[in-house]
Amino acid sequence: MADTAQAQELVYLVTGGCGFLGEHVVRMLLQREPRLHELRVFDLHLGPWLEELQTGPVQVTAIQGDVTQAHEVAAAVAGAHVVIHTAGLVDVFGRASSETIHEVNVQGTQNVIDACVQTGTQFLVYTSSMEVVGPNIKGHPFYRGDEDTPYEAVHKHPYPRSKALAEQLVLEANGRKVRGGRPLVTCALRPTGIYGEGHQIMRDIFYQGQRLGGRLFRAIPASVEHGRVYVGNVAWMHVLVARELQQRGALMGGQAYFCYDSSPYKSYEDFNMEILGPCGLRLVGTRPLLPYWLLMFLAVLNALLQWLLRPLLLYAPLLNPYTLAMANTTFTVSTNKAQRHFGYEPLFSWEDSRTRTIGWVRAMDGSAP
Ligand SMILES: NC(=O)c1ccc[n+]([C@@H]2O[C@H](COP(=O)([O-])OP(=O)(O)OC[C@H]3O[C@@H](n4cnc5c(N)ncnc54)[C@H](O)[C@@H]3O)[C@@H](O)[C@H]2O)c1
Ligand SMILES: CC(C)CCC[C@@H](C)[C@H]1CC[C@H]2[C@@H]3[C@H](O)C=C4C[C@@H](O)CC[C@]4(C)[C@H]3CC[C@]12C
């Protein structure tokens, strides 16, 4: 828990605080933000684990609410010094409509900005995504690029489009006067594919491998690099950026930072095997077992089935044309902007990140649904 020797005076609000990333941000704040007095956790669905946090020195306030409801957001934001806005609809599988994704990710973010302005909250950190940059629909590689690398960002899919619009809103809001006359200071963090304890897709792939007798079948060439970052480091970056934004607003305000750490550059599947291999799974094939055209045919078929079945049931498999394109396009970052601007160093080494994630997967063994 926080070092109580320092004055505990700050009120933080974490939207989406019960999600995969949000829970790590909440726990990290309690461990590493000594000036915290109250931590508000705002989410559509509150987790039972919040109960166990109520016994520490920091007042943890659970708020069940919806970011699309401006009055609920304003009530939660009022009196907060800092807002970390991680709430979002993460959907590249066609589970939600594009209107709903826009409503939550874009209008929800606008509501958060408006609430800061109306109630006088000065610091706003937004969880953006690598997808505001790419991969683009043309499949152009982004090979170990940084925040200044030129890239043709073209957003057709509702999720990346919504993240890009929301990020733009947040960054453009930097400098707006909030109630009381001070300027709003904002910035955006852009994680690549996050992994770690609680990662739903890793869980799904693990169970799928178990159902297939401990095997997964290679679908993506090993040469395609996909950026990954450990959830603990993403959470730490949020905590640090929120703290430093209060001291270095002139430099950091209006900036976007990729989230990075020392996780290795690998294909999506080869990276997963770094975790799932020690948990008993094997990746079959050194090359994709099916040709790309056949995978694309299956992906399109899945999209068609999703559309046809929609009136009856929700069919949302991992493979669709968008996820196939993502998995097949190199997108990795190599940058030190966060280190230069606010002294970020990953808190967890690759070995720690991997060990922690393996421990979490192993604990699920035998509990397949
Ligand atoms: N998972 C990744 O690989 C990844 C990568 C880059 C960026 N991100 C971003 O990180 C953020 C968190 O993602 P995650 O992976 O933890 O997803 P998640 O789905 O686990 O968490 C999102 C949380 O937001 C909440 N939420 C959704 N709609 C809401 C609403 N209308 N009002 C209030 N709360 C709502 C959900 O209940 C959930 O707890 C998102 O903004 C996402 O775009 C995620
Ligand atoms: C050949 C297929 C079966 C492989 C399917 C893999 C696919 C489900 C994976 C590949 C890449 C993954 C995305 C990537 O890690 C980055 C992000 C950004 C983030 O903002 C949200 C999650 C997302 C889209 C990952 C989703 C799962 C993807 C598409």
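Just so it is clear, glycine is given a Cβ too, placed from its N, Cα and C backbone atoms.
Heads up, TrEMBL stuff is auto-annotated, nobody curated it.
Quick look at what TrEMBL annotates:
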DOMAIN    13-283  domain '3-beta hydroxysteroid dehydrogenase/isomerase'
TRANSMEM  289-309  transmembrane segment
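Residues 94, 217-219, 315-317, 319-321, 323-324, 328 of the same chain lie 6+ residues outside the transmembrane segment (289-309) yet bring a C-beta within less than 8 angstroms of a C-beta in it. Note on the domain '3-beta hydroxysteroid dehydrogenase/isomerase' (13-283): mean pLDDT across this stretch is 96.
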